[in-house]
Each structure stands twice: as C-alpha cells, then as structure tokens.
C-alpha cells in the first residue's frame with residue numbers, strides 16, 4: 001500500500017504531460033520572434049499582429065463561426081426532438097432502426113459522411129435545382145446532420161434521468177401537455193441543451209473533412225485555411241491562431257462548466 | 001362471511017360512542033365515520049379493469065368513496081393500488097369500467113381537466129421554481145387574479161407552516177419540508193379530492209409518525225376527501241377512516257381499521273393487517289349459538305361463541321391475535337380453547353413482550369402480553385412449559 005501515494009500522482013503527471021505538453025509548446029512558440037517554428041529567437045507579439053492583418057484568415061474565421069452557430073442551434077432543436085421520441089414514445093414500430101440511424105453518424109467515418117452528403121447535394125441540385133451549388137448552406141446542413149446525433153445522445157441521457165412525475169404534476173395542476181413541456185421539462189433539460197449546443201459548436205468549428213467535401217468556392221472555413229497553409233510550411237502565425245483558438249475554447253468550456261455546475265446544484 | 005352482518009352491528013355500536021373521535025385522533029376515528037356515513041359519494045369506481053398487455057393490474061374493482069373521507073388503499077407492491085390512483089388522477093385510462101368524480105363521468109377526462117389533484121411519492125416539485133412559485137403553479141394555470149393567487153399561496157404556506165421558506169428553492173429544503181410543499185401545492189386549487197401516492201414513504205420513521213397525525217389534522221381542517229395509497233398497514237390504521245385492502249388487482253375487504261383488524265373476512269386480510277396466529281381446522285359442530293372446530297395443530301378443540309352457516313366438516317381457519325392469547329404456567333381446566341407448548345423465544349419491547357411458543361403439535365404461537373408491573377425477573381422464561389389459552393369470543397373464523 002506504500003506504493004500507491006507515489007503511483008497515482010506520477011500517473012497523473014505523466015497523463016497531463018502527454019495531453020498538454022504539445023499545446024503548451026504551441027502556445028510558447030506563438031510568442032517566438034524567429035521565423036523558424038522550432039527555434040526560439042526571443043519574445044514577440046508580431047505574429048499576432050500579422051494574424052489580424054491576414055484578411056483571408058479572418059474571413060474564414062467569420063465563416064466558421066457563422067456555420068458553427070447555425071448548425072449547433074439547428075442540431076440542438078433536432079437532437080432534442082429525436083431524444084424526446086426515443087425516451088418518451090415508448091415502444092413503436094422501427095424504434096430500434098431509429099435508434100441506430102440517430103447514432104450512426106457517431107461511428108460513421110467522416111470521409112463516408114462527407115462523400116455521401118456531397119452525392120446527395122449534387123443529385124438534389126440536378127433533380128430539384130436546390131441547393132444551387134455548394135457553399136455555406138451545404139456545410140451547415142452537413143454539420144447539423146452529424147451534430148444532431150451528439151445532441152440526441154446527450155439529451156437522451158438527461159431526459160431518461162428526469163422524474164417523469166414532475167411533468168405529470170404540472171399536468172395534474174392544470175397545464176396542458178405542451179405547456180407542461182415548455183414550462184417544466186425544457187428548463188429541467190437546460191443543462192443538457194447547453195452542453196449539446198457547445199459540443200456541436202466545437203465539433204462544427206473543428207471539422208475539416210466533411211466541410212472539404214461539401215464546401216463551395218466562397219465558403220472556406222478556418223480549418224480548411226489552416227490545413228492548406230500548413231501544407232506550405234507551418235508558420236508562427238498558425239501558432240498564434242491556434243493559441244487564440246485554445247483560449248476561446250478554454251473560456252467557453254469554463255463558462256459552460258460553471259453554468260452547468262450551478263444548474264446541476266440547483267436541481268439536486 | 002355470512003356473519004358479516006353481525007360484524008356490521010358491532011361496527012355501529014362502536015361508532016355511537018360520542019367524543020371518541022376527539023379523544024383518539026390517531027385511532028380509527030369512529031365518530032367521523034358515522035358523520036360521513038350519510039355523506040354523498042364523491043368517487044364512484046364502477047367495475048374498473050386495467051390491463052397492461054397480458055398483465056391485469058386492476059381487476060374488476062368497484063368502490064365508493066364518500067365526501068370528506070380519509071380513505072386508504074392498502075396493499076403490497078404490484079397489487080394495483082397505484083394504478084387505481086393514477087386512473088383517478090387521469091394518467092391511466094381504464095381498459096373497462098367507469099370512474100365518476102362528484103357524480104360526473106370522468107373516465108376519459110384528461111388530468112388537467114379533473115377536479116382532483118395528486119401528491120406524488122417523489123413529491124415531483126419543480127426544481128427551478130421557488131416554494132411560492134411551486135404552490136402558485138396550479139392557480140396560474142387557472143388564470144386566477146394575481147392578488148387572489150398571492151392570498152391563496154400565503155394561506156397554503158401558513159397551513160403547512162412553511163411561510164419563512166417561501167422564497168427558497170426545493171433543494172434548499174429538508175425532506176419533511178419538501179413533503180409539505182408538495183402537500184400545499186396539491187391543496188392550493190381546493191380540489192374535490194386529493195390523491196396521495198405513498199405520501200410519507202420517503203420520510204424517516206420518527207418524522208413519518210409525526211407527519212401522519214399532521215396530515216390527518218390538515219385533512220380535518222380543509223375537509224377535502226383524501227385518498228391515500230400506502231403499503232404500510234400502520235400508516236393506514238393511523239390515518240384512514242376506511243381502508244380498502246388490495247391484492248393482485250382486486251379489493252379484498254373495505255372497512256374501518258377496527259373492523260379490518262377484529263373482523264377480517266379472509267386469511268389474507270387477517271395476515272396482512274396486523275400479526276395473527278392462523279390455524280387450519282375442520283368444522284365439527286355448527287350451531288346458531290356456537291361452533292366447534294378441530295385443528296390438527298392444536299390438541300384441544302376450538303369453541304367459538306357464535307355460528308357461521310357453512311357446511312359441516314368444511315375447512316376453516318381460525319385467526320387469533322397475539323394480544324388476545326394468554327400465556328400461563330398453570331394448566332387450564334376448560335375442555336377447549338387452550339394448548340400446551342414450550343417457550344422458544346421472548347421478544348422484550350419494554351411495554352410489551354412477545355412470547356414465541358412452540359406448541360406440542362409443532363405450530364408456533366405468538367403471544368403478546370403487556371408488562372404492567374415492574375418485576376425483578378419475569379415469571380416465564382425460555383424453555384418453560386406453558387399453556388396458551390383464549391376466550392371463545394376472541395376467535396375469528398374465516399372460510400377462505
């Protein structure tokens with residue numbers, strides 16, 4: 001038993017190093033004076049300046065944010081509906097099939113999802129004339145498709161853990177089913193909705209493969225820009241961008257965690 | 001059960017005692033029963049059946065609950081009592097049969113259109129609302145004017161003594177306080193009937209006993225009909241005016257706690273409602289004024305001071321309550337109503353002691369005695385040979 005106090009902290013330290021050393025290194029090198037990515041040449045903020053003068057990068061960032069916000073919102077609505085059906089409608093014909101279909105995008109290789117969506121959009125365009133060409137809209141649809149699966153899973157587990165009688169109590173006290181859902185169930189689901197939305201937002205912001213398949217000429221997302229510029233050689237500018245993204249992600253996650261923690265505490 | 005009429009008369013004699021209700025708030029409140037005997041029926045359940053697939057949860061139940069009654073549905077888990085309650089609330093629809101509330105057919109009415117409210121076992125408080133908002137929720141659904149809502153909420157919180165906690169959220173309350181919020185919320189709309197699903201199951205024993213009396217007090221003050229579902233026989237006895245005992249979807253007996261205890265109509269009721277010593281036997285003599293029963297487990301025949309009209313040699317069971325047995329070291333002279341045995345165990349509970357006596361026939365008899373005197377040493381101890389006896393009028397005979 002004497003080995004335990006030593007073993008656990010060292011395992012933790014090793015794990016944390018493995019996870020975060022690369023990110024720390026990246027942050028460190030974003031303040032590098034030198035043009036060479038791996039050689040330290042003194043502290044500087046010049047790559048951040050260069051980043052904010054890079055029109056292409058900024059535009060791509062805006063496109064990505066727009067796509068992420070829209071598809072996260074759509075996915076939250078659709079995923080919640082899917083979860084409601086799975087949890088509340090009991091057994092129905094094709095329930096197993098529906099469960100499988102909802103969760104399929106979680107395990108489907110992205111290349112296949114992207115390719116099949118591309119085929120769908122092309123054949124839709126030739127038969128119905130919509131969507132005309134590929135662009136932001138098609139990326140939003142594609143991202144909504146796979147984010148819905150994540151939201152459905154998150155909301156489903158929360159919904160399954162809710163005490164059904166709370167909703168029944170609302171109906172017993174005179175609220176019609178729709179009102180009981182909006183006034184009672186939805187607020188109780190809020191933590192799951194928030195985390196589902198944030199998860200979708202991050203997944204969408206992060207996605208390169210699917211977006212590459214269904215993107216059009218005027219819809220270059222941030223990961224696509226990063227990827228194409230890295231192919232020409234990693235610049236410290238990319239390090240600066242990555243650092244900013246890490247910062248945004250950290251702040252978002254901390255805020256979300258704080259919100260969830262307060263909510264959870266309020267519902268115990 | 002042919003002698004049911006005789007029991008009914010005993011019942012009436014018992015209920016005439018004036019002032020009994022005031023003196024015994026925790027008892028069966030016989031005075032209240034008499035007062036409510038003429039009260040209008042508020043709930044009429046007419047031959048209701050509820051099946052879930054092949055499972056019959058409620059099996060041809062008919063029941064009338066009168067206005068102002070505190071009525072208990074008592075039974076083990078899975079006996080259909082909660083399903084019956086949920087059908088009264090409107091959460092389940094009967095497969096067959098009718099449910100009338102206040103004289104109106106409400107079988108197919110939705111929960112939100114029924115003049116009944118329910119208090120849930122889990123309390124089902126709205127976690128994101130304050131105590132005040134929880135209590136006001138039902139009134140808001142009725143679009144009651146704001147001032148009237150505020151007045152009613154204040155009145156309800158006063159009733160359950162939670163006024164200082166009005167602004168708190170449910171998770172800042174103790175279990176007992178949550179239970180009272182649930183009660184206030186379900187009473188706020190002044191329902192015709194309040195349905196309570198295991199209202200005290202989540203409380204610890206001490207608190208539960210106190211809350212039982214509080215609930216009875218509140219029920220008497222507001223005068224609302226209460227229908228309580230419980231699995232706890234003591235709780236039903238403490239609170240209810242009348243109790244329906246359910247088993248596998250059917251109602252076995254409906255009566256006052258007193259009648260259920262002293263005059264059970266079946267072995268099931270005798271065993272479920274309190275402790276009992278049951279012996280199977282054959283009817284040897286069945287005269288209008290007495291019965292003679294021979295039990296295999298008992299050495300002497302059992303003499304009962306009244307008749308039942310059953311076939312001669314029919315199989316019957318005699319039920320003897322532990323406190324109605326006497327245990328002594330001297331052999332009785334009577335030709336019947338006693339047996340010999342050896343003390344196997346003594347459960348000393350301070351106020352009472354229970355002797356487990358292994359009779360010579362092999363059966364176990366439980367005898368409860370009150371410890372009325374302070375003694376240095378009890379006169380009966382382990383492995384003593386003792387005589388268990390009972391009076392002829394304390395024998396309950398059931399035929400099924």
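Don't overthink the numbers, they just go from 1 along the chain as shown.
Keep in mind that glycine also has a Cβ here, set from the backbone N, Cα and C atoms.
The structure displayed is predicted, hence computed values, not measured ones.
The transmembrane segment annotation in TrEMBL covers A:12-31 (among others).
Residues or ranges marked as domain 'ABC transmembrane type-1' by TrEMBL: A:61-256.
Same-chain neighbours of the transmembrane segment (A:67-89): 95, 98-99, 102, 136, 139-141, 143-144, 147-156, 159-160, 189, 193, 196-198, 200-202, 204-205, 211, 221, counting only residues six or more beyond its ends whose CB sits under 8 Å from a CB of the stretch. The transmembrane segment annotation in TrEMBL covers A:67-89 (among others).
Residues or ranges marked as transmembrane segment by TrEMBL: A:96-122 (among others).
The annotation transmembrane segment is assigned in TrEMBL to A:180-201 (among others). Away from its own ends, the transmembrane segment (A:180-201) comes close to residues 68-69, 71-73, 75-76, 79-80, 143, 147, 150-151, 154-155, 157-159, 162, 166-167, 170-171, 252-253, 256, 259-260, 263-264, 267 of its chain (Cβ-Cβ under 8 Å, at least six residues beyond either end).
The transmembrane segment annotation in TrEMBL covers A:208-228 (among others).
Taken from TrEMBL, the feature transmembrane segment covers A:240-261 (among others).
Outside the transmembrane segment (A:12-31) by six or more residues, the chain places 37-38, 40, 43-45, 47-48, 236, 239-240, 242-243, 246 with a CB less than 8 A from a CB of the stretch.
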